[in-house]
Amino acid sequence: MPDGPVRLGDLLRQVRARLAQAGIEGTETDARLLVGAALDIAPLRLALEADRFVTSSECTRIENLVARRAAREPVGRILGTREFWGHSFRLSPDTLEPRADTETVVEAALGFLDDTGRRSAPLRIADLGTGSGALLVALLSECPKAEGIGTDLAPGALAMARENAVAAGVGDRAAFAAMNYGDGLRPGFDLVLSNPPYIASGEIAGLDPEVRDHDPARALDGGADGLNAYRAIAADAARLLAPGGGLVVETGAGQAGDVAGLFTDVGLAGVSVYTDLAGHDRVVAARRPDCGKRTAGIRQNGN
Ligand SMILES: C[S@@+](CC[C@H](N)C(=O)[O-])C[C@H]1O[C@@H](n2cnc3c(N)ncnc32)[C@H](O)[C@@H]1O
């Protein structure tokens, strides 16, 4: 960090160089978020103040945050919050930091509701392994008459999810409960969502430090082949879903085909795969057949 007076624009460039040296990609966004937080300036406004001088106490605050990021702590952990679907989610050591790719689950679920004309209808939604509550809160914020329940094994995650639901203005329609996926839930859900742990146990040691050292192990570890959670959810899906109800899950790299097979094996219909913004298979969706009624299938992106 600089010894003498420095302008904000120059300091931002120095922070980016320091983060790049530490092997971090996406330094522009990280630098803006960290410097913006230290100065209490919205990241998008920093460019407007590029010529102003940064005081030495401001430099110290920035240095503290940048040193943590250079040691590979994720920005969301440093700031204690992460944006998801336009809402701010507080994080704790018990919660996964929600990822932008997971918004594909929200898009697929909303596409399913729109295809069946139910986005504005009274709905029951379950989010299995809710973490920070990201998926449930996003869906409730888009579906005004829906109510939902998020489950998790981590009590700290459930407390944080509850807080996040209240902050997002959907707390009166959200409940949270400790259980193994949907084991203790009554049947009849219109939508079941999950972004479960899906990393194969043996791959966890090789993950980036941001993930391996900062996301809770329980949020990552999907067992020997990474598919344990999908087996459990598939086995309970026909019980949990109302006829015509949809199941939408996030999947990891190379897992979509296996998960689609698990869903087909338990009699779910309309099994479809959605890709994320990078073009990777990211989500598998299916529905419980609705005997006698005509319901739309779940679309693949772009169809
Ligand atoms: C990958 S994280 C997803 C968190 C959040 N849904 C999101 O998308 O950001 C998986 C979550 O599942 C929870 N979990 C792990 N095993 C579970 C189980 N057997 N039953 C319920 N939740 C579980 C973890 O505690 C963690 O919060």
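All positions are counted from 1 along the displayed chain.
Backbone N, Cα and C atoms are what each Cβ position is placed from, and that goes for glycine too.
TrEMBL names GLY129, THR130, GLY131, SER132, GLY133, ASN195 for binding S-adenosyl-L-methionine. Of ASP114, ASP115, ASP152, ASP213, the residue it gives for the same site is ASP152. Look at the Cβ of each of the binding-site residues GLY129, GLY131, GLY133, PRO197 and count the other Cβ atoms within 10 Å; the largest number goes with GLY133. According to DSSP, GLY133 (S-adenosyl-L-methionine binding site) sits in a coil region rather than a helix or strand. With respect to THR130 (S-adenosyl-L-methionine binding site), the closest of these binding-site residues in Cα terms is PRO196, chosen from PRO196, PRO197, TYR198. Annotation note: ASP152 (S-adenosyl-L-methionine binding site) sits in a strand segment as assigned by DSSP.
Within the same chain, residues at least 6 positions away in sequence whose Cβ sits under 8 Å from that of ASP152 (S-adenosyl-L-methionine binding site) are GLY129, THR130, GLY131, LEU158, ALA161, PHE176, ALA178. Separation of the C-alpha atoms of TYR198 (substrate binding site) and SER132 (S-adenosyl-L-methionine binding site): 17 Å, rounded to the nearest whole number.
The two recorded residues, GLY133 (S-adenosyl-L-methionine binding site) and PRO196 (substrate binding site), show a Cα separation of 13 Å.
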